[in-house]
Amino acid sequence: MSTPEQWIQEFEALCSRASILFPSGIEDENIRIRALRIAEKAVHQLHTPMTFAEAQTWAPLELFGAGVACEMGIFDVLSKSSVPLSPVDIATELNTDPALVARIMRLLDAHYMVDQVTLGQYAANAITRDYVQPYRKGNVMTQVALMPSYFALPAWLRDNDYKVRPDANHCAWQVGANTTKTFWEMPRTTQEDDFVTFYPFEAVFSTSNVDDILFVDIGGGLGHQAMRVRSAFPRSRGRIIVQDLPQVTNKITTASLPDVEIMDHDMADPQPVKGARVYYLRGVLHNHADHISIKYLSQFAAAMSPESRLLIHEALATDLNPTKNITRFDLSMLASCGGAQRSEAEQKALLEKVGLEVSGVWSTPRDWSIMEARLKRE
């Protein structure tokens, strides 16, 4: 019979093989995700109620530490170095306090964001190099900025007797940030998926010509998604339009979006582009409560023709075995803008209320899906 020490050695040997058995570039990403959830369950079973509570209570400081490291430039310095660096080396490069760097490095090492190769010597790993990317820095700092709304959420819900109809102007964000402005008045930074490969655009655009309106990116920000479609379908295949509020579109240059039309538009107003092949919403509806989402959807439906498709690209929650990220995202939406991360059934119900029906769902990475809706057939 194995001793506890032997069990630990066997467990350690299995863990050391994890990155080989389930690499980040594995062909079937779902296999790696399943393995990750099994590993998380194993960690949970090793926790006592006390250690679980401790990990949960102190978790925000992991994010804050990563945010400080991003702003200081620690990840950048380590990623550029071909040799391990000490806190003094890093502090010298950044012209900052070595004692502070040492404290941050301990936190990063404890949370596997850097590797301590020998005592006091640190090297970059895959996580370190990922934190150099602008979208990852933006994601971290966005979450740091959202923290006031998370902290205010319990008291805000209590003050409203847990009976609320939130929206972006009346939610925990205003309380936590001590402001009357919405969170969305802050700059946004997101990573865009190459969603073109997940949806059959070629079939939808098969008979298009230069005058057809192929793709309307509603609330499309700086047009990254529209450019992905444009890159796959040249101007000769039809027109592509990005719509957003003036304070967003005035940041776009024609050079950054060649052969893409830019249009000022508020989703609450009637949709001016009629009969497009595809109307596209990425990460839009989750920012809004049901009654506001229905208002927007009704405007889209009124502009659609029988051949039009409305594509809703959102992270969808599952009622059975939801991922941690999706449940965190849901509360984040509630706290910051009164929105919701909906399930497939909840999103379908919204569409049906405005005369649309779901005609297909395509899965994309990280819990996200593209839901296609068309006008209900009589």
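Counting starts with 1 at the first residue shown.
Each Cβ is built from the backbone N, Cα and C atoms, and glycine gets one as well.
Annotated in Swiss-Prot:
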type: BINDING; residues: Gly219, Gly220, Asp244, Asp266, Met267, Arg282; note: S-adenosyl-L-methionine binding site
type: ACT_SITE; residues: His286; note: active site, proton acceptor
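Of all the binding-site residues given, namely Asp244, Asp266, the one with the smallest number of surrounding CB atoms inside 10 A is Asp266. For the pair Asp244 (S-adenosyl-L-methionine binding site) and His286 (active site, proton acceptor), the C-alpha distance works out to 16 angstrom.
All protein chains included, Met267 (S-adenosyl-L-methionine binding site) registers 20 other Cβ atoms within 10 Å of its own Cβ.
With every protein chain in view, the residue among the binding-site residues Gly219, Gly220 whose Cβ has the most Cβ partners within 10 Å turns out to be Gly220. Sequence-distant contacts of His286 (active site, proton acceptor), defined as residues of its own chain at least six apart whose C-beta falls under 8 angstroms from its C-beta, comprise Glu314, Ala315, Phe329, Met333, Gly339, Ala340, Gln341, Arg342.
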